[in-house]
Amino acid sequence: MEESFDHESLNEEEFNGEMTDAGYENDEDEGDLDMKDIGEEAWLIKLPLFLYEKWADLDDESLELARVRVYSQQQPYGPDQYKLVIAENDLHKDLPKEYELDIINQGVPDSYCFCQDVNADTLVSLSGTIKATFNMKPSANDVEYNKKLRERTMLASKPERTIRILEEEESRGAYVPPGGSSAAVTKFSNLVQKKAKVTMEQKTTRIPKHELLDLLFGAFSRYMYWSFRGLKDYAKQPESYLKEVLSEIAVLDKKGPYNNCYHLKPEYNQKESASISIAPQGLEAPTANVGSGDEQPEFDDDDIMLDQPNSADELFGYDDDDDK
């Protein structure tokens, strides 16, 4: 393993003295240091963790790990480029093969590397003088690196928790607390009544405005006072639409014996034979009137007044051709 230290500590008198390291107390050559390779130049490279784990426990010194390529620039002052290419073997399977070396520091002063074989009784030796330090990273054009990068991105984007939609037969039902009884849960589950879905037959369809006016005038010709619910049962129209049209011809009593009941406005109240009472709920308009603005509600001949308008169209002063 390589390590750096200062040149000032390489004093022969200091090494000839007594050393206190526990690893060298029983060494009869205590204090000796092999410095024959001090003139060799060395580079200090910071490896990626995944590559360091591959190389840390290797014992085969004859195994070629990698080669360094130096690309000299044509310009006189341009910096050189360095790349490290690892060897093709089983050790480097599925690893990026090409790496870029970025210079961190060049011309490092008074830094050296030393080594010792821990399995043999040998001296500590200086293996070289550090001339430059590099940071090592995979090349952006490397195929294996791009593959690993995509796999890491997909793994990071995968949610840790997902939502699973249960089908009706997979539903677990009501939660039963520890020590509780499922019978009690079933008993009280019927307290909450689900709202019945409205079928297509129950849904109301808007009729033209002039037809609705005919229905309303016909209703008020029978009974002078109508509750909104009674008019809704009679006309079978949406509430918002019925209120909008009803507000044009009728007013709502908010006090007195006919509280919350509608009656015609004075300018439209021409039917003196109408019953002065509240219309019963549940009355329905004659089916012949629905969908046709030309037909009138069927009443007795005695109820027809000569000065009564034939329809709401005539009352409001526009013809059928002007109907919108």
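One is the number of the first residue shown, and numbering goes on along the chain from there.
Note that Cβ sites are derived from N, Cα and C of the backbone, with glycine treated the same way.
Annotation source TrEMBL lists compositional bias 'Basic and acidic residues' at 1-10. Residues or ranges marked as compositional bias 'Acidic residues' in TrEMBL: 295-305. Residues annotated as domain 'TFIIF beta subunit N-terminal' in TrEMBL: 41-162. Residues annotated as domain 'TFIIF beta subunit HTH' in TrEMBL: 205-268. The annotation region 'Disordered' is assigned in TrEMBL to 1-32, 281-324.
Averaged across the domain 'TFIIF beta subunit N-terminal' (41-162), the predicted model reaches a pLDDT of 84. Counting residue by residue with DSSP, the domain 'TFIIF beta subunit N-terminal' (41-162) contains 25 helix, 45 strand, 52 coil.
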